[in-house]
Ligand SMILES: NC(=O)CC[C@H](N)C(=O)O
C-alpha cells in the first residue's frame, strides 16, 4: 500500500518540524492551508504555536467548518500543544473569540504549566508507545483538566493529564516533533493507516 498522505495545518506554528517527523514515520506529508488541500489528506496534524492565532486564521481561511466536518467524519487528527487546545471540546480560559475544532471530550487549561521561561522537559510514559518513556518538551503547555467518558487518558505528568485519545483524535500537551524520537508520530501514522484500511474494506 502507498504511504498515507498526512497534512500539517500550516497557518502558524512549528509546521516544518512535524513535516520532518511525519516523513521519518513514513508518511507523505505536506502543508494544508486551504479547504481543497484538507480534502486531499488521509489525516491531519495541528501543530504547536499559538492557539488563538491558529483559531482566528482557521476562521479567516474558511477552514474551521471543513476541519470540524472532517474530524466529525472520523479523519485521524493529532494536535500538539496549541493543537491539543484546538481539539478540545472546551477551553477553560479561552481568549475572546477563540474557537476550537473540537473532537475530544475534554476541558483544557491554556498555559497551565507556566510561561515560556518555565518550559521544561520530562520523561513521559505514553500508552500505545512501546519502550522507553517519551521525552516530553513542554512549552507554555496546556494540561487537560478533565475528560469525558469517551476519551482515553494516555499519559499524565505531575498529576495532570498530558495525552488523550478519543477515537481517531490524538492530543499531547508536549512536542514530540522537537525531539527526533518519532514514536508518537508513528502511533499517529499507524492510526491513519488503519483508517485507510477501514475505508477500503
Ligand atoms: N507551545 C505551544 O503550542 C503553546 C500553546 C499556547 N500556550 C497556546 O495557548 O496556544
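Here the Cβ of each residue, glycine as well, is placed from N, Cα and C on the backbone.
TrEMBL annotations: computationally assigned, not manually curated.
Among the candidates 72, 110, 165, the residue that TrEMBL annotates alongside 49, 50, 51, 139, 140 as binding L-glutamine is 110. Annotated L-glutamine site 49, 50, 51, 110, 139, 140; additional same-chain residues within 8 Å of its Cβ mean position, judged by their own Cβ, are 48, 81, 82, 85, 111, 141, 142. Least crowded of the binding-site residues (110, 139, 140), judged by neighbouring Cβ atoms within 10 Å of its own Cβ: 140. The separation of residue 175 (active site, charge relay system) from residue 110 (L-glutamine binding site), Cα to Cα, is 15 Å. Around the Cβ of residue 49 (L-glutamine binding site), the same chain contributes 12, 13, 14, 81, 82, 83, each under 8 angstroms and 6 or more positions distant in sequence. Residues 49, 50, 51, 110, 139, 140 are listed as the L-glutamine binders, and the farthest two of them sit 13 Å apart at their Cα atoms. Counting only same-chain residues at least 6 apart in sequence, those with a Cβ under 8 Å from the Cβ of residue 175 (active site, charge relay system) are 14, 17, 48, 80, 81, 136, 137, 138, 139.
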